[in-house]
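These come from TrEMBL:
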DOMAIN    A:1-321  domain 'DNA-directed DNA polymerase X'
DOMAIN    A:52-71  domain 'Helix-hairpin-helix DNA-binding motif class 1'
DOMAIN    A:92-111  domain 'Helix-hairpin-helix DNA-binding motif class 1'
DOMAIN    A:127-146  domain 'Helix-hairpin-helix DNA-binding motif class 1'
DOMAIN    A:345-425  domain 'Polymerase/histidinol phosphatase N-terminal'
Amino acid sequence: MDNKTMARLLAETADLMEIDGADSFRVRSYRRAADAAEQTTVDLVEAANDAARLMEIDGIGKSMAAKLQAIVATGTLPQRDELLAKYGVGILELLKLPGMGPKTVTLLWDAAQIGTVDQLAGAIDAGRLKGLPRMGDKQIEKLRKGIEDYRRSVGRFRIDVAEEEAERIVAYLKKFKGIDKVTPAGSLRRGRETIGDLDLLATGPACAPEKTGAAVEYIAAYPGIHDIIVKGENKVSFHVAQGMQVDVRLLPSASYGAALQYFTGSKAHNVVLRQRALKMGYTLNEWALARLDDESIVAAATEEEIYSALKMDWMPPEMRENLGEIDAAADHKLPRVVALSDIRGDVHMHTAASDGRNSIGEMAEAAIACGYQYIAITDHSKFIGITNGLDEKRVLEQIKQVREVDSAIKGRIRIFTGIEVDILADGALALADEVLAQMDVVIASIHSRFDQSREEMTQRVMRAIENPNVRILGHPTGRLLLRREPFALDMGAILRRAAELGVAMEHNAAPERLDLNDHDLRLAKELGCKIVMSSDSHDSRNLGKMGYGARQLRRAWLTPEDVLNTRDAKGFLAGLRPRA
DNA sequence: GCCGTTTTCGGCCCGACTGTTTTCAGTCG
Ligand SMILES: Nc1nc2c(ncn2[C@H]2C[C@H](O)[C@@H](COP(=O)(O)OP(=O)(O)OP(=O)(O)O)O2)c(=O)[nH]1
Ligand SMILES: [Mg+2]
Ligand SMILES: [Mg+2]
Ligand SMILES: [Zn+2]
C-alpha cells in the first residue's frame, strides 16, 4: 500500500458514490481527501497508527483518518467494495467517457442496464438508447463520438511537447487583428511536468462580449484542427491532429488579470481563492473581482490587483496548487522561490568520451555562453549497456584532460572533474574507490535492474550513498515521463539518510526525466536534503535548457539556498558532502 | 465529510456551452 494507491481508492469511491446518488458535498470531500493523499509528503502508511497526525493533513478529518487506517490495515475500503459489487468495475470506465457524467451513467444503468463502455457501444449500435429520457439523436451521437475519442485518446503530454504545440497555435492566433495577446495558462503556465490540455487565453478588442464572432470563426479555422469539441461566443475547444485538446478562452483586455488568474488555476487554488473573496464580501470570476452588494468592480486588469484586493501577495503560477500558498500569501510569508537565472553552474554532462557529442572544450564554451561560472564533466563509467563508458584508466586520462582544458581556459569558467558512476545491482559502484576519490563531482546513478523490489532497491541506493565518495545521487527514481515508471523506492528513508550524510539529490532537468519530481523535492526540502539541478546534457546545445527543471523546483517551493548550484564555485564545492 | 478573522452548525466557486429544456439539467473549464 502507498499514498498513490490510497488516493486512487478514495477517488474511485467518490466516483461510485456520485453514481449512487450520494450528497455532492460529501462526494467532494472524498475527492479532496484523494488529492490530499496524493500530494501530502506524509507517508500515510507510516502515519497510519497516529490518527492525529493524519488529521493534520488538510482535507482529512476524523472520519477520513479512520478510512485511511482501514485501507492500510485491510488493503481495501468497504464502501468502495460494496459499490463495486453493486455496479461492477466497468462503471468507472464508463464515467471517464468525455461528455459522460454521473447523471448519465445512472440513467443508463437504471433504464438500460448499461454498466460498461462495450455495453454502451452495443446499445447505441442496436438503437436501444432511443426513447430514453434526455436521449435525442444528438445526445446519442455525442456519446458515440465520446467512445471514439476515449479510445483514441492518448492521455497527458510532456510539458516540452505541449509548449511546442502551444507556440504554433499562439503564432496563428496572434495574426488575427483584434487579438492583442495570447497567453498560455492552465497547467502549462503552472509548469506541471505533464499537461492534460492546452489552455490559451486570448484577449483584445475582438475578444470583447458581442464582438467575438469573427475571432471565434478564425480560431475554428486553424489548419491543424482534427475536430471541434465546443464552439461558443467566449470559447473554442478542439483537438489537434496529434490528439491534444486545446481550450481557447476569449475575454476582453479589461478582464485580463481576472481571466488569467481563473485560467491558470489550479482548480483547487481557484476554489479556495473564491471562498476567500466571499468571506471578504466579494465575488470572483474570470471577468472580475466585484463587490457582492452593489456588484461594482474592485479589480480585473492584472493578477496583482486581484490578489492585492484580496489582501494577498502575488505568487508565481508554479505555487498555485492549494498547498498552503493562499495562507502564505495572506500572511506575506511567501518564500522567494528559485529561478533559472539563479543557476550558476551545471555539474552533470557527457562528452564524446562516453555517449555525448562534444569535447570538453566545446561544453565549456557553451557553458560560458550560458553565463555559467563552472561546470563538471561527468561521463558514464564503464558498464554493460552504456556506450563507451570509462574504465579506471580512461577516467584518470580524462582527469588530466579536464585539468588541461581548465587551465587553458584561463579562468573564463571553472571545470570540475567528475563522473556519473553506475550503481551496480548490489549497490556497489562500477569504479574503484581510489579513482572516485580523485574527482570533484561524483554522481552515482542507476541505469540497470529497474525491476528490483522496493526493499532491494532501497538497500541498493543506501549502500551506494554510504560510499564516502558519492556526493550526488543522480536521477534518483529513474523514471522516464510517460514511458517508464519510477522504480520502487522508500524515498523517505533515502532522503533522511542522504541528509545525514550530506549527499545532495539531483534534480535532473532533462524534460523526459524531471527527476526528482516536484513532490519528492518538497519532501527532500522538509528532510533537509540539498538539491543540485543539472542538465545531463549529451550535446552542448542542451546546456542551459533547464527551464522546465527550474519550474519543478519552484513548484516545490525551493529557494536559492536549497539549491547548491545557485552558489558560486567555491560555495558549491563547500555545499557538497565533505571529503574525508 | 470537512471546517471556522461572524460559525461546532450550516455552509460548501462560478460561469460557458449543449441539447430538447418550455425554463433548465448536465458536463466541463
Ligand atoms: N473556478 C474554477 N476554475 C476551474 C475549474 N476547472 C478548471 N478551472 C480553471 C483552472 C484550471 O487550471 C483551468 C484549466 O482547466 P484544465 O481542466 O485544463 O486544468 P489544468 O490545465 O489545470 O490541468 P490539465 O493539465 O489540463 O489536466 O481552468 C473549476 O471547477 N472552477
Ligand atoms: Mg489544462
Ligand atoms: Mg483545459
Ligand atoms: Zn544517467
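Easy rule for this one: first residue shown is 1, then count along the chain.
Cβ coordinates come from backbone N, Cα and C, glycine included.
Caution: TrEMBL annotation is automatic and unverified by curators.
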(message) Per DSSP, what is the helix/strand/coil residue tally across the domain 'Helix-hairpin-helix DNA-binding motif class 1' (A:127-146)?
(response) 10 helix, 0 strand, 10 coil
(message) Within the domain 'Helix-hairpin-helix DNA-binding motif class 1' (A:52-71), count helix residues (DSSP H, G, I), strand residues (E, B) and coil residues, in that order.
(response) 14 helix, 0 strand, 6 coil
(message) If you average per-residue pLDDT over the domain 'DNA-directed DNA polymerase X' (A:1-321), what number do you get?
(response) 97
(message) For the domain 'Polymerase/histidinol phosphatase N-terminal' (A:345-425), how many residues does DSSP put in helix, in strand and in coil?
(response) 27 helix, 19 strand, 35 coil
